[in-house]
Amino acid sequence: MNGLKYSPKMQTFLYSMLSGILTAYAFLEGRAWFLCFFSLIPLFLVFLQNNKVELKKLQPIAIFSYSLFYYGLVLYWLYHLSSAMPFDGTTPVFLLSLAILIIVLQNGFGLYISLLSFRHLRTGTAWDIVIIACLYILAEWLQEFLGIVAFPWARLSLSVTPWPLFIQSASVFGGLFISFLLILINGGFAFGIVKASNHYFGIFHIATERYSWEKELMNLTAYIFIGVILVGNLLFGAIRGNKSFDDENSEAIEVLLVQGNHPGINKWQTSTVQILADYIDLTEDNVTENTRLVFWPESAVPIYIEEAYEEQKQLMTLSEKHNISIVLGTFNRKEVEGEYICYNAMYVVTKDGISKNPYYKQKLVPFGEYLPFSKIFSRISPDVTFMLMEELSQTPGTETFPVETEYGDVGGIICYESIFPNISRESVKNGAQLLAVLSNDSWFGDSAALYQHHSQSILRAVENGRYVVRASNTGLTSIINEKGEVIKRVDALIGTTLRGEVKFYNHKTIYTRIGDVIVIPGIGLIFAAIIKRRFYRR
């Protein structure tokens, strides 16, 4: 690599580090989200300037440096969870540092394996930008399917959610397509910088053979392709942003979202009687004669509701008094072969009782709601494992379906599940006309995680063409329309309510119907690289 007088390895590390820091800053709280259009340029310089032999040596350094600073900085908020862990001293910090390291390494390894094919596919033209974009989003897609370590929290697309116009095409190809567009933009700038600087200053160069008109023609066609996609995306965003999705069943109804503000560990030290009283008081003080649905957050009342008959009566009385249905997060347990199976659940309560078919949370938080590898841990430390199993005893649900209300079907998305696009998508495919994200973000404190988690709901709204009501224990509580516009939002860390109107929709977006087909080109490229390496090796 030309340029600064550092060794190629050090220059690669610094360029990639800069990309990681800038991309993380764009995503932290949304204040500098526009950086996402430029933040990957230094990383692209590494891939564009080095030939196949050089890249083989430098690519691991580039991916490690980028992943370490991007995912490491974005996930720094995990240290806020230390207060919720049943350990003293430095143990929580050690365990959370280990969790961050695991996520950084797994995401970095996924990027490395996916982009490994680039060395064998590169053309030395602007089409390399498209190749990298296809491979990058394939790595992002895989983050959702890694078992207990699946954590698609920091996809590039989430950084640009403050600009609704740009993300409307997520309704066609999902959030991964937005990441694809961001990479095209960054890559286009990087390629232009390299070409211009090489021509005028001799600083950077494209790792390719000598000039040929064929390559210049390929550059031109690649830029036309990229330009058409980007312009088309903006035009589509403008058209969809002004389109009405109302149908005969789209009458607006008034909803009330309750933010009880029982932070962190304090919630579990407060009596359920007091917590229920607080939620009832907030609801009674803020409902109107037009309110039809009330939403309480995840584990709003920490009880096994089907066994709590007195609490059921209070909720039914509240429902009858104000002619409302209450959608709330709580718990349920069932006895199977002498043992209790516990669920994190979403119920609907009316004057006639609680719903018979509650939605059970499917994606549980490892080490927060259940203990993975419990058999292994029990051999290492039986006493500690037994203590943890007592606390982390949730069982995942197995079905995705909406819960029925008098006004329409509501798809349940409980907290952590909102970062997994397929759960929301399957819920809408199965009939959800409105999405309800019931969350308990109190463990995040006032960290950037509140805003990062909220951005997930914005993208889920656009992807599936649904209003999203987001009721969170300590915030952020909001109402988001089907275009990803935040209609109303209240501040975090206060006990309050949010009242507004929502609509129930029946139409299904293209993305809801076809899913993440956008990753197919990336899969095809990997197979092409394998075939090329296997059969055309010189």
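Each residue, glycine too, has its Cβ placed from N, Cα and C.
Because TrEMBL annotations are produced automatically, they should be read as predictions rather than curated entries.
These numbers come from a predicted model, not from an experiment.
Database features, via TrEMBL:
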TRANSMEM  12-27  transmembrane segment
TRANSMEM  32-49  transmembrane segment
TRANSMEM  61-79  transmembrane segment
TRANSMEM  91-115  transmembrane segment
TRANSMEM  127-153  transmembrane segment
TRANSMEM  165-185  transmembrane segment
TRANSMEM  220-239  transmembrane segment
DOMAIN    258-504  domain 'CN hydrolase'
TRANSMEM  510-531  transmembrane segment
(message) Can you work out whether the transmembrane segment (510-531) touches the transmembrane segment (12-27), with the criterion being 3+ CB pairs under 8 Å where the paired residues are 6 or more apart along the chain?
(response) no
(request) State the non-local partners of the transmembrane segment (12-27) in its own chain: residues 6+ outside its ends, Cβ under 8 Å from one of its Cβ atoms. (result) 1, 4, 6, 33-36, 38-43, 45-46, 58, 61-74, 154, 156, 158-159, 452
(message) Out of 61-79, 127-153, 220-239, what stretch is closest in contact terms to the transmembrane segment (91-115), meaning most Cβ pairs under 8 angstroms?
(response) 61-79
(request) Report, as numbers and ranges, every residue of the chain located at least six residues beyond the transmembrane segment (61-79) whose Cβ falls under 8 Å of a Cβ in that stretch; write 'none' if there are none. (result) 9, 12-17, 19-21, 23-25, 27-28, 43, 46-47, 93, 96, 99-100, 103-105, 107-108, 111-112, 115, 153-154, 444, 447-449, 452
(message) Are there residues at least six beyond either end of the transmembrane segment (220-239) with Cβ under 8 Å to its Cβ atoms? List them, or say none.
(response) 125-127, 129-130, 164-169, 172, 181, 184-185, 188
(message) On average, what pLDDT score does this prediction assign to the domain 'CN hydrolase' (258-504)?
(response) 90
